[in-house]
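Marked as active site, proton donor by TrEMBL: K239. The NADP(+) binding site feature in TrEMBL is assigned to G10, C11, G12, G13, V14, G15. Under the heading NADPH binding site, TrEMBL lists K140. Look at TrEMBL and you will find E224 tagged as L-homoserine binding site. TrEMBL lists 171-370 with the feature domain 'Homoserine dehydrogenase catalytic'.
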Amino acid sequence: MKNIPLLLMGCGGVGRQLLQHIVSCRSLHAQQGVHLRVIGVCDSKSLFFASDVITRELNDQTLYEVCRVKSNGSSLSALGDLGECIVYGNSESKRKVMDIAALLGKATGLAFVDCSASSETIGVLNQVVDMGCCVVLANKKPLTSIMEDYDKLVSFPRRIRHESTVGAGLPVIASLNRLLSSGDPVHRIIGSLSGTLGYVMSEVEDGKPLSEVVKAAKNLGFTEPDPRDDLSGMDVARKALILARLLGRRINLDNIKIESLYPDEMGPDAMSVEEFLASGIVSLDNDVQERVKKALLNGNVLRYVCVIEGSSRCEVGIQELPKDSPLGRLRGSDNVLEIYSRCYNKQPLVIQGAGAGNDTTAAGVLADILDIQDLFP
């Protein structure tokens, strides 16, 4: 049985779902000759780890308890009575994480799995790659930091996986890597990479006011607690940056042209979420409806997309697209990506499916962990 030690950073929705997937797949993985040995989990305040990280692990009952405690909004410090070790405090946790990485990295190997949404993991990840550790990411921020951080992370390409940073579990990164490694240059990518904005744009296409659609999306759980986190386009821009850098573009977030669906005067610093939903977004309804009508007159529809083209173009925002194109036919919260290359020139490679959700994203992370199993003794 091949044992893969892993340390999970981030116990939010995706992190908890990953732990549940790991436990529920025990018999399947046993048939495949693999055992995922969770030696520790950490949140922003605490690290909870096995008393002997070389020989022991957090058992399945303990992992379920981690999920229960975190789903209740409590800190990992609440697990102090389970007989395992616990370290309190952010800086102390980081030191212990580095100790574990140094101990296991070169010996048995160690997979650092980042399911957080924090930029604070970047420093840790940059150090552990030099210690022989593998890195699996659902967190986009390490890959969208400055180029120096990015170069460090990808300096050992066989030891990093990040499929779930773009399109949740969809095979976007793997498909692009296969094209590039086969010498098939990609010259254009256009895609709808936000399930939230995909839903919003397809609903306003049916004549519904933007304000009503956003409120409905929030009630359905499609948006962040503050819908402006989705409407700003920043999440799509991060995904676009990851794809652009994969194609060799040496750019940063501030090089990407980003169209926000609301003006600065309606930003979080100017009005509360309640004010924005009650009065702010209503004033945007007419403008969006006019753009929808204009597109329909041209036989097109509006979609919020990222466009990466040539050596310089990288932007995210609303585009008019043909109704009969893969993006034009998009409905609901699916993601769609069109990839144009030498081999896929007239008819693009199209990747479509659920591109959001804790379950889908966690499944993508789990697949990434299993994909690096050959690197472990």
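Glycine is treated like the rest: Cβ placed from N, Cα and C.
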* **binding-site residues clustered about the residue listed as 'active site, proton donor' [Cα within 10 Å; pool: G12, V14, K140]** => K140
* Asked: Any idea what the Cα distance is from G12 (NADP(+) binding site) over to K140 (NADPH binding site), rounded to a whole Å?
  -> 15
* Neighbouring C-beta atoms (10 Å sphere around the C-beta of V14 (NADP(+) binding site)) -> 25
* Of all the recorded positions given, K140, K239, which residue's CB has the most CB neighbours within 10 A? -> K239
* To do: Enumerate same-chain residues with a sequence separation of six or more from G13 (NADP(+) binding site) and a Cβ-Cβ distance below 8 A; give 'none' if the list is empty.
  => N358
* **G15 (NADP(+) binding site) and the residue listed as 'L-homoserine binding site', Cα-Cα, nearest whole angstrom** => 17
* To do: For the domain 'Homoserine dehydrogenase catalytic' (171-370), provide the mean pLDDT of the predicted model.
  => 95
* Structure fact -> In chain order, residues whose C-beta lies under 8 angstroms from the C-beta of G10 (NADP(+) binding site), counting only those at least six residues away in the same chain, are C42, D43, D114, C115, S116, A117, S118, T121, A138, N139
* Calculate the distance in Å between the alpha carbons (Cα) of K140 (NADPH binding site) and C11 (NADP(+) binding site), and round it to a whole number. => 16
